[in-house]
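Record features, source Swiss-Prot:
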- 4-184: region 'Large ATPase domain (RuvB-L)' (REGION)
- Ile23, Arg24, Gly65, Lys68, Thr69, Thr70, Glu131, Asp132, Tyr133, Arg174, Tyr184, Arg221: ATP binding site (BINDING)
- Thr69: Mg(2+) binding site (BINDING)
- 185-255: region 'Small ATPAse domain (RuvB-S)' (REGION)
- 258-336: region 'Head domain (RuvB-H)' (REGION)
- Arg313, Arg318: DNA binding site (BINDING)
Amino acid sequence: MIEADRLISATGVREDEIIDRAIRPKMLADYTGQDPVCEQMEIFIEAARQRGEALDHLLIFGPPGLGKTTLANIVANEMGVNIKTTSGPVLEKAGDLAALLTNLEPNDVLFIDEIHRLSPVVEEVLYPAMEDYQLDIMIGEGPAARSIKLDLPPFTLIGATTRAGSLTSPLRDRFGIVQRLEFYNVKDLTDIVSRSARCLGLEMTGDGALELARRSRGTPRIANRLLRRVRDFAQVKSDGRIDGPIAARAMDMLDVDNEGFDFMDRKLLLAVIDKFMGGPVGLDNLAAAIGEEKDTIEDVLEPYLIQQGYLQRTPRGRMATPRAYAHFGLQRPDER
C-alpha cells in the first residue's frame, strides 16, 4: 500500500495542490487555527516590516497536511515580497541553490520544503548564506580551484519539514524562528471546511461541515479532500447541497468512519483484538495476519492509531487499548 493512495492520507497528491491553491488563505487574518503560531508570527512580521528588514529565517515543522506551505506563502504576502519555492530533493548540487539565491530581491522569501532532505554539499553552501548573506563559490578544479564570495541581498529562508529531528544541528541552529504546527481541533476544521466550501461555490450547512471535520484526522488537507468527494456525491445523489445526512452517507460510501478510520485502520485494530486477544503481538505476526508489509504498518498505519490512543507499541509487541475495544463496541478480555 502507498500512503498517498488512501483517501485519508495526509500526504499531498497533484489534485490536492491544484485545489489547495484556489482555497488557500492568503493572509494571517484568513488563517484558521494554530493561534499561538499566528499570534507570534503577526508580531515578528510587523516588527520586521517596521524596521524595513528581512524576517528572521523560519523553520516550520509538524505532520504533513497541516499548512506549512500555506504559512510560508502567507509570510511572503504579509511582508509584501516575492517567494521562490523549491524542495530538498530537488537541490542536488550547490549550483542549484546558488542559482536561486542569486536571483532573490532584497527581503524575498526562499521556501525549501522537505528541508531535512538537503544533501550535505548543498547544506554547506546554505550556512554562510543564512548567517552572513554571502555565497561561497568554488571556481575551477584541483589545485587551481579557488573560492570567491558573492554578496547576497538580505532574504528570509523558510524551511518546512515533517522530521525536525532529522535536521543537522548546524542547520537547525541558524533558524531564528521555529514554529511547530499541531493537529487541528474539530471546531477549527469545521471553520476550514466551511470556508473551503464557500471558495468552491458550494452550499454547505454547519452540520455538513461538522460531519467532515470529525472524520478529517485533525488535518486540513484531508478535510479538503473529503469535501471534494462529498461534493461529487451531493451532485449525483442529491441537489448539490451538502448537509449532515448527505455528508454522513458519502463518508459511509467511502468507508471512512466517525474517527476518520478507513478499512485498513479497522483491519489492523481488529486483527490485534480478534486474532491475538488484544496483544501483545509482534510486527512479523501482525504483518502476516493482515497481509501488509512491515514498513507499511510502521510508517503508514500505526502512527495515527498510536497518537490517538487506539494502539500501543510495547517491548513485547503491539497491544490494543481500551479505546480500541470501545470503538468497536467490544469488551476487553479482562471484562468478560
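From the backbone N, Cα and C atoms, a Cβ is placed for every residue, glycine too.
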Sparsest Cβ surroundings (other CB atoms within 10 Å) among the binding-site residues Gly65, Thr69, Glu131, Arg318: Glu131
CB within-chain contacts under 8 A for Tyr184 (ATP binding site), separation at least 6: Gly33, Gln34, Leu66, Ile192, Ser216, Gly218, Thr219, Pro220
Top Cα neighbour of Arg313 (DNA binding site) in the set of binding-site residues Gly65, Thr69, Glu131, Tyr133: Gly65
Model confidence over the region 'Large ATPase domain (RuvB-L)' (4-184) (mean pLDDT, whole number): 90
Per-residue Cβ crowding (10 Å cut-off), top of binding-site residues Ile23, Arg313: Ile23
Conformational class of Arg318 (DNA binding site) under the three-state DSSP mapping: strand
Structural state census, the region 'Head domain (RuvB-H)' (258-336) (DSSP three-state): 44 helix, 9 strand, 26 coil
Residue from Ile23, Gly65, Thr69, Glu131 whose C-alpha is spatially nearest that of Arg318 (DNA binding site), among the binding-site residues: Gly65
Secondary structure content, the region 'Small ATPAse domain (RuvB-S)' (185-255) (per DSSP, counts of residues): 51 helix, 2 strand, 18 coil
